[in-house]
Every structure is written in C-alpha cells, then in structure tokens.
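Pasting a structure here, questions to come.
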Amino acid sequence: MDLQQRHHLRISGRPDGQPMIFAHGFGCDQNMWRHVAPAFEDDFRVVLFDHVGAGNSDSSAYDFDRYASLKAYADDVVRIVTELDLHDVVFVGHSVSAMIGVLAERVVPERFAKLVLVGPSPRYIDDEGYVGGFAEQDIHELLDSLDSNYLGWSAAMAPAIMGNPDRPALGQELTESFCRTDPDIARAFARVTFLSDNRADLAAVSTPTLVLQCSNDVIAPVEVGRYVADRIPDSTLVQLDATGHCPNLSAPEETTAAIAAFVRATEPEGAPVGP
Amino acid sequence: MTQHESAREAFFDALLDDDPEQLYDRAPCGYLSTSPDGRIVKVNQTLLTWTGYERDELLQRSFVDLLTPGGRLYHETHYAPMLRLQAAVREIALDVVRADGQRIPVLVNANLEIDEAGEPVVVRIVLFDATERRTYERELLRARQQAEASERQARELAHTLQRTLLPPKEPAIPELDIAATFQPAGDTLEIGGDFYDVFQVAEGDWVAIIGDVCGKGVEAAILTALIRDTLRAVVVGMHEPSKALSALNEVLVHHETDRFCTLVMVRMQHGAEGWTAAISSGGHPRPLLIGPGRNREEVGGQGPLVGVLDAPEFRDERVALRPGDALVLFTDGVTESRDGAAFYGDARLREVLGRPFESARSVVDAVFEDVVAYSGGPTRDDVAVVVMRVPERS
C-alpha cells in the first residue's frame, strides 16, 4: 500500500535538509505538531504522519493482531525511514511515540542522529520500585471513559459534535479530522499504550537523546522523565515550565526553543545526564 | 394600578435584576474558570455544594485534580488537546470526585477564551450532573455490545453452516484436474444461495453440480441440503443429467417451500476415448468450454428453472473432452458482479478465459481475481466457480 496514503504523510521544509520526523501520541494525530513543526521547515525536511488508525491514516490498514504491541508502530516508523531513504534522522516523539521512537531506534540505530522524547514514559503502571503514576484499574477506567465518550461519537456524529460554530476560523479540515478515531481502534491503542513496559529498552539507545519534561504532567510525572534520562546513556533532561502533557500545544514557543537548542546544535551540547 | 398589580411588577423587576453573583453561584450547573494551564481561578457555589469542597481548597487545584485517574488520562490525551486546537469541547463524559471520594458523573462543556493577540486567557467550564443519563448510557452501551456479540455469532454460524453445505475440498480424480472456489457475498449475515458439489458415482464416473437457490438465509440452506442429497441419491442408476433434474424438479415442486433453483449438472465419464461430459442446465448459466482450438462456447442442454413447472423438459448435451479442454462452471455472482451500475458480463468472462491455462486452479484463480478486481472489494453476491480440466498427455 502507498506509504503516503497509509500514514497521511506530509513532507515540507527544505528538500535537501536533515530529515526531522514528528510523531504524535495516543488520542491525537499530526495536528498536535501544528504550532511546532513549521518552525523547523527553514533548515529541515519535516516529515509529519499519522499512526495507522489515527487521524487521516488509512484505517483499513489497521489490524488488531498486528497493532497489539508498540513494536508494530515502531516498525511503521522504520518503514517510513527506510522507504523514504532517510538518514541522519531527527525523531521527535510525543507521549507514547517517544517509546515508539526508542523501539525504532533499536531496529535501525544507524539511521538516527537525534531523538527528542516529549513527555516520555516507559511504563505507566506502578511496579515494584517504580512509580509510573497509575494503577492497572486506572487504565480500565480510561477505557470506560473512551466508551462513554464515543457513545455519542459515532462516525457520522463526530464532525457535527466537534464542529464549533462559534469559531469557524478554526477550519473544517481540523474539526473533521482531529481525534477522529474508530472507537475500537482507540480502545486497542489505549491498551497498547498504557499497558506497555519498555523500561528494558532504554539502556540500549545509542542515539543522543533529549528528554523534554513538563511540570505537573499527570501522565508522565517528573520522576518518570528523570528515570528515562537516567537510563538512556547519551541523554539530556530539560524541564519545561509548561504544564500538562501536551507542551506542543500549550507552550509551543518554549517547546520549539528547547527542541531547536538540541537539534540545531552542531556539537553535542550540555552535559549528558546518566552514566 | 392596583396594589396587587404593582406587587406583581416589582416581583418580575426583581427577577430581571437578579444579582449576577446569584445567577453565577446558584446556577443549576457546576461552573468554574481556570487559567489556560488548568488551575482553578473561580468556582460557583453549586459545584462546591456538589463536591463538598471549600472554595479555598479548590482554588489551589487544577481541574484535572477533580477527575478520576482514568478521567485524567482522557483529559490529557483528548480533552486538553481538543480544547487547545478547537477552543471548545462539548459533551465530554467524565466523573468528578467529591471530597468524600464519591463520584459524580458529569457532562462537560468548555470554552477557551482567546484574546485579540491570539493568546489563551481563560477556560470556562460548565459541568452538568449526568448521573441518570450515564446509567442509561451504560445500559445502551451494554445493549450495543450485546448486539455486536450476537451479530458476530450469527455471522459465524451462517458461515459455518454454509461451509457444511460445500465439499471441504475438491476430490482427487484420476486423470481429471478439478478446482473450485466459493466466496460468500461480502458483509452479510445471511447464507447465500450458491452451492456446488462434486462426487463419485462409480469408477471413472463423476458428477459435478453448481447451482443457485432462490433466496437467502436458513430456508435457502435447508433447500440446498435437500437438493444436494436428492441429486446424490437419484444419480445412481440414472445416467442422463436431464433425468436427474426432472426427478429433482418433482421433489422441489412437491416440497412445502415455494422456492426453486437454477442448476447445472455435469456427468463426467471416463472411457477408452477419454472423458465425456453430459451436461444439462436448468435455468442456470451454461458452462463454458475452453481449451486449445475451442471457442469458449457455452455447452449443455438448456431447460427451465428447477422446481417451478410441473413437467419441465430438460435436455442433455454430450461433449467429448480433449486433452487441455476445461469446463468452466460458474454462478451468476460472476457475470452479474457489479462496478457501480455496470455488470461484469459474459464478454469480460470470455476475455479472461481466452488466456492459455495450465491447470484447473489457474483458471479458477484468474476468474475469481478478475471478478474481485472488477467489483473493487467484497462481492455483493455469492461467487462460485468450478473448473474441470483434462490434463495434456505427458
């Protein structure tokens, strides 16, 4: 199948620039990067995509068995990188896509130049000696929450409900596509996301990595961000003033500046955290 | 103006002049404002009463702190991004946790106020008590899940039943290459009416049947089983397919249903000269004969639908098959498969069959793949194809 259609790939910026891939997290699509990605189009070849099953991806390519683990999402990233023949890639992953990037880097580390992990969490559920922030019960509650919210969100209804007559300027394209996910796929993706455990993968990352940590992030608390930065050998932790889990939307300038400082630096900058 | 009237007027004036503070605080909904990053800056009395918090307690918190952990996940992954991207969210179902730990199901509407410079200023959030609605929705959800489960079960049952009506796989016939395919109509719970059967009568003596029962569903399945069993019984000692069709016709006419079928029956007999096929059709598209030097012509004696007339006349046509010859039996799901308003048609089928083939399977696959390509996805009707081919002598 056509890669472009499968992932609703959108490529912009300098055609000969260093490739920079932005990956969205659970619950959203590539629109999450609309206030950040354009800032890199001057120097970089910017690649935006939707995970299969999200946004405007080809949801007929979604297979419940295949996408039962984050590995499948990572394989999709690898496929994008190899089919577009990208080298020296800067990968920016938000939320669950941070770990998807980590897994992709483990497959083709030679293709990656830098990783930027925004609000990463290698495991959301508490474990012995590890605080992820959630209990398994909480994840089931999220699934219930998805169910009760999709109840009124049938495919036909979604555009009408999400359309905002008060602010037509926000654009039809956005209201129609944003967060529009098949309820069954959303449930499956939620399960894969929040029940995953990728702690063991962190130490194997060889690419220089920036961990962007928000303040008061209920999904990925500061301790978790620190845990990630401690485990990835060549990594830097930057704490943002931005609060919540989506600094790419709530504080795009600060987020952009932090990413730019890391990816535009020709020499490795700052003292790497960790062993 | 009477005293009564002026009192009335004063009363309505007072209503119109209702203190905005009272309108806010005593609104029949929870109402709060937060900074763009979610910190609560203002909250009405109704919400305080619902939640059992003191005003000061809430003013130190974020809106997400009022939610369940699952609700927080939903808030951060859906609600907050949507609010940022669209400046509003509507009818979000969440649970608010009261000071005593109890939960109140609410529906949330929120607006993000943006100033002239495009900077977010404040978020206004209204919460409606949705306790009873949520209970009702849970029932709806359960009902939907049950319906979906039943549908899955019905579909499985239909497909299982349909499979039992078809031979599990083509029999191995000495010196005859045979292949078949059957594809039930896409996206349907019902059992379609197409069927085929291939069975042995004696050594070097075989019968192949392909047909289409009028209608769908369980009744069609029952009739299919009846037709198959009747034909298997009557062909013993009855060499002409036309006679077998007459016998079947009598059974169907006297059967309690008023359903009928179309059918092609081929009797394949192997003698010193090779294979001979005796073919009779009852209202069914006649098989095509393909092979070296053959013109893809229709073969078989023609007759009416089976199970309608009291004394129909069926005919046989005999064809001596040469090495490389193949008989292509099919149902109208092939020729009547659709691309919008257009039909696949006989001409296109003949075109596909014009290629050279080396096996019965390659013929079946070529036809089936072309039909699927033509209809651009699952076919709307059952599609069945059976091909019998005499191998070239090696």
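The backbone N, Cα and C atoms fix where each Cβ goes, and this holds for glycine too.
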To which of the residue ranges B:133-160, B:273-300 does TrEMBL assign the term coiled coil?
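Coiled coil, as annotated by TrEMBL, spans B:133-160.
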Tally of helix, strand and coil residues over the domain 'PAS' (B:21-69) according to DSSP?
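DSSP composition of the domain 'PAS' (B:21-69): 22 helix, 12 strand, 15 coil.
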For the domain 'PAC' (B:90-142), DSSP counts of helix, strand and coil?
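Within the domain 'PAC' (B:90-142) the tally stands at 12 helix, 30 strand, 11 coil.
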Please give the average pLDDT for the domain 'PAC' (B:90-142) in this predicted model.
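Within the domain 'PAC' (B:90-142), the model's average pLDDT equals 92.
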